[in-house]
Amino acid sequence: MTGERDLIDELSRIFGLPPPQVVCGIGDDAAVIAGQGGEYLLWTVDALIEKVHFDLTYMPLRQLGRKALAVNLSDIAAMGGKPRYALLALGWPPERDLFGALELARGMQEVAQETGVTVIGGDTVSSPGSLSMSLTVLGQVKKEELLRRDGAQIGELIYLTGPVGLAAAGLETLRRGLTLTETERTLLLQAFFDPQPQILAARVLARNHLATALIDLSDGVASDLFQICRRSNVGAVVESTLIPVPAPVAEVAAQIGKDPLELALKGGEDYLLLFTSPPDREKALYLHFSEAGLGTPICIGKIVRGNRVWLRRPEATQDISGMGFDHFRLKEL
Ligand SMILES: Nc1ncnc2c1ncn2[C@@H]1O[C@H](COP(=O)(O)OP(=O)(O)O)[C@@H](O)[C@H]1O
Ligand SMILES: Cc1ncc(C[n+]2csc(CCOP(=O)(O)OP(=O)(O)O)c2C)c(N)n1
Ligand SMILES: [Mg+2]
């Protein structure tokens, strides 16, 4: 086993196949359980661990609360669903002021109110040394609107709902104390601190049957597109010239001596949507997004035969399958 994905594959072998009422078990953004009246229940959990997901020296607790819920909601969005209820398991370091936990909860409650979610339970324990939390979110989606990772077909187009690399560049800015203009800094830190779960965009895709496969971007395009490919038994070609890399991301990349595309495709924590859609739905896609007041989706490539993710650059084509954030293959970007 060489990383997180291999470990999950092995765990899923141990846990075995789920019973028939489980429409989708291990392997998608959330588990899907057949509910009543043509509704499916969506069930997801994400842990956030100090020093792995956040550093309290630069992450205010209120922001952390916002982000903790937002990244979980992103997994419900990634199934085309509506988030409803959340449970919070909190591991609080006993040496840390307990009032800090209230700040965290206030941040979470802000996002809950913004998205129509209610926190209905949890667990509170001490966690010597580091703050940890785990959020469980329950959502719902109509049976015919469920969007999974496994529906991509050869010839379809691959889209993003926004520019990539901002959060990763924000993290590098904080970590390395980079000097940027105030506008650049604000944009990057906002993306890193306060990701906006793409619930509306996902609902537009789901309601109008505009996507065939959907995932949210937590580990980066290279890794998350590979998950779509693995589940759909297809390959993908991403065109380097089509990747939306904002100028401040390129600026950070230059300051840290990295390739901007690398930061944009492998940095992670974008929490945008990555989806596939048939070419003949392109007009409808743009129209529905524009009618909903959403930015135009950005086409970055195409689904092809095979099982790898290729990045086509003017000078060469490179295999980027599964590259990006992995909990057990940590290396400095
Ligand atoms: N420890 C685990 N036990 C069982 N299932 C797991 C475990 N870790 C991850 N999974 C499942 O593996 C799939 C991929 O997980 P992950 O990559 O963390 O998804 P996401 O990026 O959407 O959070 C999901 O369906 C998740 O529920
Ligand atoms: C202190 C710190 N170090 C590193 C990172 C970068 N980082 C942490 S988790 C992550 C990827 C997403 O987290 P994960 O737990 O894999 O989410 P999931 O894919 O399960 O939704 C990234 C890029 C960070 N945010 N903070
Ligand atoms: Mg996860």
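Using the three backbone atoms N, Cα and C, a Cβ is placed for every residue, glycine included.
The domain 'PurM-like N-terminal' annotation in TrEMBL covers 27-141. Mean pLDDT, taken over the domain 'PurM-like N-terminal' (27-141), works out to 97 on the 0 to 100 scale.
Residues or ranges marked as Mg(2+) 4 binding site in TrEMBL: D29, T44, D75. Around T44 (Mg(2+) 4 binding site), a 10 Å sphere centred on its CB holds 24 further CB atoms from the protein chains shown.
Of all the Cβ atoms in the protein chains shown, 26 others lie within 10 Å of the Cβ of D216 (Mg(2+) 3 binding site). Residues annotated as Mg(2+) 3 binding site in TrEMBL: D29, D75, D216.
Sequence-distant contacts of D123 (Mg(2+) 1 binding site), defined as residues of its own chain at least six apart whose C-beta falls under 8 angstroms from its C-beta, comprise L87, L88, A89, L90. If you look up TrEMBL, you'll see D46, D123 marked as Mg(2+) 1 binding site.
Annotated Mg(2+) 2 binding site per TrEMBL: D46, D75, in sequence order. Under DSSP, D75 (Mg(2+) 4 binding site) is assigned to a helix (H, G or I) in the three-state scheme.
What TrEMBL records for H53, E269, F325 is substrate binding site. There are 19 other Cβ atoms within 10 Å of the Cβ belonging to H53 (substrate binding site). According to its DSSP assignment, H53 (substrate binding site) is coil.
According to TrEMBL, the feature ATP binding site maps to G122, D123, R149, S218. If you take the C-beta of G122 (ATP binding site) and look for same-chain residues 6 or more apart in sequence within under 8 angstroms, you find L87, L88, A89, L90.
The annotation domain 'PurM-like C-terminal' is assigned in TrEMBL to 154-308.
Residues annotated as Mg(2+) 5 binding site in TrEMBL: D219. For D219 (Mg(2+) 5 binding site), the Cβ neighbour count at a 10 Å cut-off comes to 24, with all displayed protein chains included.
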When distances run from the Cα of H53 (substrate binding site) to each of the binding-site residues T44, D75, D216, D219, the nearest one: D219
Cα-nearest neighbour of E269 (substrate binding site) within the listed binding-site residues, D29, T44, S218: S218
From D29, T44, D46, D75, D219, F325, the binding-site residues whose CA lies within 10 Å of that of R149 (ATP binding site): D29
D216 (Mg(2+) 3 binding site) and D29 (Mg(2+) 4 binding site), Cα-Cα, nearest whole angstrom: 8
Cα separation, D75 (Mg(2+) 4 binding site) to D216 (Mg(2+) 3 binding site) (Å, whole number): 6
